[in-house]
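Working notes, structure below.
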Ligand code: NA
Ligand code: NA
């Protein structure tokens, strides 16, 4: 009964339009009262939920991403991608995909990606004769790459939700090959669509132009290297690397690019604070919900149920993916990770899936949820920037859905795609 | 994330939301500085301070609580609003009022219980710092109170007979 | 007759760890002696959160029994500090004598001030330094090493006083931090050194035995008050009996862990204990400024 109240109140309130965080708090409070537990546990757990050290990296990466978006780093990363692949068929679409690989590495967030890259690319693509829906769809799907290239604050969140025992360096390394695979798949998809729709091909700007763009983008690219090498070489922790990213991005934008004026900086602060509040408050309000799940022994029951189904490991994994995909259609990534990790990770472990591998699956799968209706933040931001309705985007997005689902299946059933690189770097 | 434009409301409350947001932003700057100091002290001074983590967590709490409170006014909280958007206006309005009431009630209980927890652990020192152990509850209590205030403002606007849908 | 009740109990350790097995013992004994009327619902592996949170949850009555390390209790319950201080006990036998006597009683009684009932104090072994660099024989060997410490004022003070660089880091991150050389070493007991697999990367164990920092078993005052008088007495008695049971398991598992890591190539060395005792003296002096800590300290030394 308590479990029914916990899930029932949450789902009903969510459906009625109560924001996720408040739906989580309401259902937790109702369940505490039903169980005769002191209701003050709600606030104790909420504050404790934001009291995990690894979470400090999340707002700092969000902050660094905002600085890069407004301070010129993202612009130059896009210019580099443009000089490299702008001449391929689907030109600027390919640029969007490659920019996501570069910029996603520093911003760590799909929403920052779609705002920064979409904001710069979509209008240009439309101006040069691409259809709006193509411009929006390719940019939105490409933003998923950001979730998997290090740093990924979602992988940090996963590590925390898994109890903090998973190495963030390993998780970061595990995301790289799947990110490259996704990039490649999306570039091919974009190429095929561009060919069918007969988009023109542009001229290659020449190696000098590529080199010039590369030099201009170097400070931004160096940030990715700085973070990755710094953590791997034990110079700093993942949390400290986020602070280094903020300092570095500020130095580059203020002293090298000289773009960030005081008013821009204040806007950057407000933007970062707003996103931080939305993401972290969901994480914090999910803490009591998660505590009640554990208290009511739901994860153990889920493990029991799923491991007693007499089925093949891969079938069970597929069932889990389908459940998670269904949840992902109406849940955002952060709450999905926070709520589902304690339930599904024990099941995954019980059927022999490596927790690092499972993390990559979970993030990629949750990422697909960001571009599916009814609730998808990347879908909302992308269509808003592109000036089209969600319905218009959905009519022609299916090849991109298929492409990302194909990558999800490959990543799910070929563990080596995720686990090979972390093992190599050890 | 719901990305509607900030609503028209009382200028004093708009200023309050803006200050909450900028205080949260300042907390982010301080967090970056504190964590960078930990790296500097470890390598340059060869003496790692024990206070950086608890202080950074306090700042995290500040950024989260005030950012989330301003988010009630800016409507930046994650949610699933398709039903509310698709419903006929009177139903949509009832749903909005309901959601606002839930936020206001939770903001109030967060503030009240937050203060209770704050008082409970005030006299105990937090390991690594001279802060009270329960200091972590201070930002959330303030944030809860602000959530309640901003929700009431939204309620007044939603119930105003001439109110037009802001969506 | 009083109603049936399943008491919730939490521990951050995993099944097989002596304190988790002691909680299981308490549950089974209670169930047997009350024909199943009283039992224990055990949440191990930190399913219900951190130790510092567990203490508050028990105080509010959300949990019944919590097993936490004394380090998490030092600030709210100053009497417990004496148990974490360096070189207070000469040996495991000395510590057990102190805990079983008046000092142990006084510390358990101190929990009443904040809505808790102290049930028992369990061994947590001798904490020693281990690192990736070299054998530590005297305090000077620690100089310049970055040592992971738990977030506790006493441990940070001790490591700094001994001349090392105390690096606060979450417990779960220590392994990869040792691997990447973000830190050079850490300190803990044999079992944790073994089960966290940190011995794979930190190959030098030095038998400093600088602190015993035992564990405490606490009961919510609200739960205690809600139980019938007979049940209260029975629970306190069973918790008492669990101490002996736990110590047997402790000695076996400590020896097993020690043997395991040594067989896997870790080198262990003895240290100049007197030099460490002298070097740690300032930490002791600072804490003995507190009258209660000083009184308990003298009580412990009288049993040496
Ligand atoms: Na990323
Ligand atoms: Na979705």
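Placed from the backbone N, Cα and C atoms, the Cβ positions cover glycine too.
In TrEMBL, the annotation transmembrane segment applies to A:134-151, one of the ranges A:98-115, A:116-133, A:134-151. TrEMBL assigns the feature transmembrane segment to residues A:171-194, out of the candidate ranges A:3-26, A:171-194. TrEMBL assigns the feature transmembrane segment to one of the listed ranges (A:278-296, A:297-315), namely A:278-296.
Looking only at the domain 'TRAP C4-dicarboxylate transport system permease DctM subunit' (A:7-417), the predicted model's pLDDT averages out at 83. The stretch from A:47-65, A:206-229, A:278-296, A:360-388, A:400-425 with the most CB pairs below 8 A to the transmembrane segment (A:235-257) is A:47-65.
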